[in-house]
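*Asks:* Pasting in a structure now, in structure tokens, and then I'll have a few things to ask.
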Amino acid sequence: MAGAGLRAVARRWLLCGGHGGPRTASSSPSCPGCGPPGPGAHCPGAPRSAPAQTPAGGADLSAHLWARYQDMRRLVHDLLPPEVCSLLNPAAIYANNEISLRDVEVYGFDYDYTLAQYADALHPEIFSAARDILIEHYKSLLMKIDAFHYVQLGTAYRGLQPVPDEEVIELYGGTQHIPLYQMSGFYGKGPSIKQFMDIFSLPEMALLSCVVDYFLGHSLEFDQAHLYKDVTDAIRDVHVKGLMYQWIEQDMEKYILRGDETFAVLSRLVAHGKQLFLITNSPFSFVDKGMRHMVGPDWRQLFDVVIVQADKPSFFTDRRKPFRKLDEKGSLQWDRITRLEKGKIYRQGNLFDFLRLTEWRGPRVLYFGDHLYSDLADLMLRHGWRTGAIIPELEREIRIINTEQYMHSLTWQQALTGLLERMQTYQDAESRQVLAAWMKERQELRCITKALFNAQFGSIFRTFHNPTYFSRRLVRFSDLYMASLSCLLNYRVDFTFYPRRTPLQHEAPLWMDQLCTGCMKTPFLGDMAHIR
């Protein structure tokens, strides 16, 4: 299995060699015939009007169902005035757990994609270099999985070609479900599945897809495990050989984003008496140049502790690696480390010595990182730190959610689902035809909302209705999540984040589909009374 549980959605230009962005919903071949719903839109085959009286049977039942359908259309339109869109702020911080910044005394940060946000222009550079390395020197599917380990049909790819749903189901023994043992690794690596969890995964996903597509297109035999390892090694070599560091250092204006905002966040925290530390896997020379660009030559004075080449996530679990001090030129010193000094640079080490030397423990520490496993999982689950996830894709997804097309499509989809649930008690031949038409329209709506985010994989946070596997881990491993560190500038340093109460299925007195299907006006349960 080459990859699953997608965290990042590969850009269309990266997957297909630069041929445009995601298709619009109207051009998606899998979603014909159903545009965004409005007051005049209706399912093909639906009558423009129908009697609303209680049905007797046959054609009367069909007319009764279509009358409910039309009533719902009008109600959905009335529920969604134009001003209902754009309610979400892309620069907001979202809470999975209640946390008061007043109680946080120590702030920790990863470097890459946390303190330093990188431009998308970096991805094709990594892709091209890894491709060249691969040239010189499992089932093999890329797919999206939900929180319950089910493959979202329509998101499985072999190379650049979509895999039919029937084939995906056959590959997994007649089911869409991925067994737990294949996904049970704590750091997202099961015995036959790897989860792509961060932005750095985009070039790897794209290269893997392109190479598999080439091999299949030229009828070349290959071992899937060997190919996957070679691609992964090529991507790793881009980092090990320092190529990525060289590109960024040569043109920081091009590749580093929001540097002034990073400086503002750090300065503000220090001004309010907070202690700061940095733990990164990147080398000192690279971090130093980047921080000088964003913050200035005295950047180290903002941090109480700086640790480079930490080798996360083993930094959090391996007690054997000691801290080593670096001099001003980045050379290793031989001193025994008995305390961590402000303004000094340390390499490697381990979290247990870090805790012993700093005494920074528990919920008064808040650490920010972009990788749920390598940065956050151990700190939250084993050490009780508070954690903040940096999810750059969140900004774009929220802007899509705020569009009128998405809001209407999703609300009508929910309403139609509620109508299907309640009207399924009608099982005569005429009614089954109506229900089949609604099911077809519902599937088309699902395809439309998926394509708004990405034609291949949809949103990184949801399958059609369930949270993705990534979303489930995001909730588990982070107290807060946001698009960038600069979102902190929108809140006071003593702000308390309160997560919204998310109703369980049995708790909610009013769901959106109940409102939309007219449950508050019409006793739909009466339609089901004969079942009892």
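A Cβ is built for glycine as well, from the same backbone N, Cα and C atoms used for every other residue.
Note that the coordinates shown come from a computational prediction; the quantities given were computed from them, not determined experimentally.
According to TrEMBL, the protein carries these features:
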- Asp110, Asp370: Mg(2+) binding site (BINDING)
- Asp110: active site, nucleophile (ACT_SITE)
- Asp112: GMP binding site (BINDING)
- Asp112: active site, proton donor (ACT_SITE)
*Asks:* Between the residue listed as 'GMP binding site' and Asp370 (Mg(2+) binding site), how far is it from one CA atom to the other, in Å?
*Replies:* 8
*Asks:* Might you list, by sequence position, any residue in that chain lying six or more from Asp110 (Mg(2+) binding site) with a Cβ less than 8 Å away from its Cβ?
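*Replies:* Residues satisfying the criterion: Leu278, Ile279, Thr280, Lys312, Tyr367, Phe368, Gly369, Asp370, His371, Asp375, Ile390.
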*Asks:* So how many other Cβ atoms are close to Asp370 (Mg(2+) binding site), meaning within 10 Å of its Cβ?
*Replies:* 24
*Asks:* Validating a neighbour-count step here. Other CB atoms within 10 A of the CB of Asp112 (GMP binding site): how many?
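*Replies:* Cβ-Cβ neighbours of Asp112 (GMP binding site) within 10 Å number 23.
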